[in-house]
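Structure, as structure tokens:
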């Protein structure tokens, strides 16, 4: 009588953990005898007892159904498919890979965070360096508002370079346009504040207010801008250090003079009011000073909100894609502000006189430097870095530190013990930045 099922003692199995699948009993005595003999030979030869079975179609179908049932039961209990047994070497390699993977991810995340903070620091450097270009012209000083119009032209022209350098298309976004307009009004109110409140007071007020406004957007603003604060108390300490550091840096010369009697009378600082501005401050009325302080607060309000409209731009048009629209907004708003100043405030007839060539170059270079810092801040807040607004923009507003470095090393305006006071302010500022980066919005 022909056999309908034979057990092969040949090929090595792909063993699975768990109970051995049960085979259907052969339907004929000959098949049962052959199956028993084959199983005995397998056991005597030392081969795994879960060898591959060559059986009749009925037995094969029954075995397949039984295996599927057992695998499904194991998956439901273990939550994952039952995997074939692997060699110990493979297991050790996989275990090593699993142990290294979190460390590799942490290292990659740390590198991205470091790059994001480096970009934020660069944005602060360029933001503190662009006013230096105003010292390039050798002739008579250009009206500050007219110079600001040239800066806006520089921002516009440099924004047109971004699609060429980064390979992005030219698109128009309303958020980018509004951001450029905010930049112009921040610069405008700075020129209103300085003659009424004095340089030191005005710069201290707008630096502190810009830090607070940027943090406020990042912590309490709309969902598109805000991120959860890790620790409110330590965030408060970070803001206190930032504000204190800004006040120390701005008034480093006056603080040094108060605690020292051997400071030269002619020592001046670009971050401290000059003797002319001191006299102007003493002569200004209370109303003018109040207007100057209010204007300085407006500088902080507009300056700390420049990139907020970018957060409402659709992702497919956000980031550097919105920068040409930013430049267009700066150009149009800057032209309108300059024309209104010339006609309404100055009450001049005709067009402003053509500035000298070096003044034009200085204004365009100033706009280029500021917009370079703006690009760094945009990249830091965009994927893959995604530095929260409440951290990136307060760091950008610490630009007065880099302005002070220019005053120390390039123009020799901060000298003597004032340098030590400046260093103390810089350390205070750095402590605030570290705390904000660890416990601020979205840290």
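Any Cβ shown, glycine's included, is placed from N, Cα and C.
TrEMBL entries are annotated by machine, without manual review.
Transmembrane segment is the annotation TrEMBL gives to one range among 109-129, 172-192, and that range is 172-192. Feature transmembrane segment, per TrEMBL, maps to range 418-439 of the set 264-285, 418-439. Of the ranges 145-166, 391-411, 418-439, the one with the most Cβ pairs under 8 Å to the transmembrane segment (322-342) is 145-166. Most Cβ pairs under 8 A with the transmembrane segment (418-439) among the ranges 229-250, 290-310, 391-411 are made by 229-250. Outside the transmembrane segment (391-411), and at least 6 residues removed from its termini, the chain residues within Cβ reach (under 8 Å) are 116-117, 120-121, 123-125, 127-129, 131-132, 135, 203, 207, 210-211, 214-215, 217-218, 242, 245-246, 249-250, 252, 269-271, 303-304, 307, 373, 377, 380-381, 419, 422, 425-426, 429, 433, 436-437, 440-443. The transmembrane segment (229-250) makes no contact with the transmembrane segment (290-310): fewer than 3 of their CB pairs lie within 8 A, with pairs spaced 6 or more apart in sequence.
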